[in-house]
């Protein structure tokens, strides 16, 4: 049997290497995320005792970094190898995964808009769970501190949410020096101070609420987020559109390359 390759059926080198370049960026970014996550875990001793992960009741930000790294590494690897080796299975896996992620993002955005009260309750519950675990993990602590400082907020609904944490709880049984206080990230910064006063929130909730305004942020972070979103809706929309266009571009490249490979194989079958 003789095989012929039609001149009009060939794999485009342009699409092939453009898809490879597209994916090498994601693959390298995935490697960087994985390396950063594993390094952070090693610093916390998690790699030598994995029970520390399940022992944390709140969110460990490193887990999120590792999950993003694994997804980016896997998709980037599949796309790179699939493009270079002209492997239809890997290319279909890459294309299908990108389509799934795109549809998932779209569904989440639509559902978040339609069920705003439910989303607000879940965010409140999530934030409160992380407040309880504030002192259990340094990465979680830094994440909450950054969120409160950037948004000038304190707690989920307000400063009293810090009663959920055993160190800041106002109960008479507590022996903590931070009892009835708030983290330093809740404090209104003093421009004259060049060194951060990490004890500025001590005993502040023992005072009357009328005195809080001069020392700490009284707005809850959920309210601050709800106020931030309308002011920055164009930035959020722009980021979402940019990510969507990148995903659509990757799907287009993968599908085009798959069609080319299938056309060449069909031509060689005669």
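Including glycine, each Cβ sits where the backbone N, Cα and C put it.
Any TrEMBL annotation is an automated prediction that lacks curation.
Below 8 angstroms of C-beta separation, residues 47, 62-63, 65-66, 68-80, 83-84, 94, 139, 249-250, 253 of the same chain, each at least six residues beyond the ends of the transmembrane segment (20-41), sit close to that stretch. Residues or ranges marked as transmembrane segment in TrEMBL: 20-41 (among others).
Panel annotation: around the transmembrane segment (62-84), residues 16-17, 19-20, 22-38, 40-41, 44, 46, 53, 90-91, 93-94, 97-98, 101, 139, 250, 254, 257 of the same chain, lying at least six beyond its termini, place a Cβ under 8 Å from a Cβ of the stretch. As annotated by TrEMBL, transmembrane segment applies to 62-84 (among others).
Marked as transmembrane segment by TrEMBL: 90-115 (among others).
If you look up TrEMBL, you'll see 153-186 (among others) marked as disulfide bond.
Note on residue 154 (disulfide bond): other Cβ atoms within 10 Å of its Cβ, all shown chains, come to 28. If you look up TrEMBL, you'll see 154-170 (among others) marked as disulfide bond.
The transmembrane segment annotation in TrEMBL covers 233-254 (among others).
Counted within 10 Å of its Cβ, the other Cβ atoms near residue 153 (disulfide bond) come to 26, all protein chains included. Neighbour counts were taken as the number of other C-beta atoms within 10 angstroms of each residue's C-beta; across the disulfide-bonded residues 170, 186, the minimum falls on 170.
When the Cα atoms are compared, residue 154 (disulfide bond) and residue 186 (disulfide bond) turn out to be 5 Å apart. Here the transmembrane segment (90-115) has Cβ contacts under 8 Å with residues 23, 71, 74-75, 78-79, 81-83, 240, 243-244, 247-248, 250-251, 254-255, 257-258, 261 of the same chain, all six or more residues outside its ends. The separation of residue 170 (disulfide bond) from residue 153 (disulfide bond), Cα to Cα, is 20 Å.
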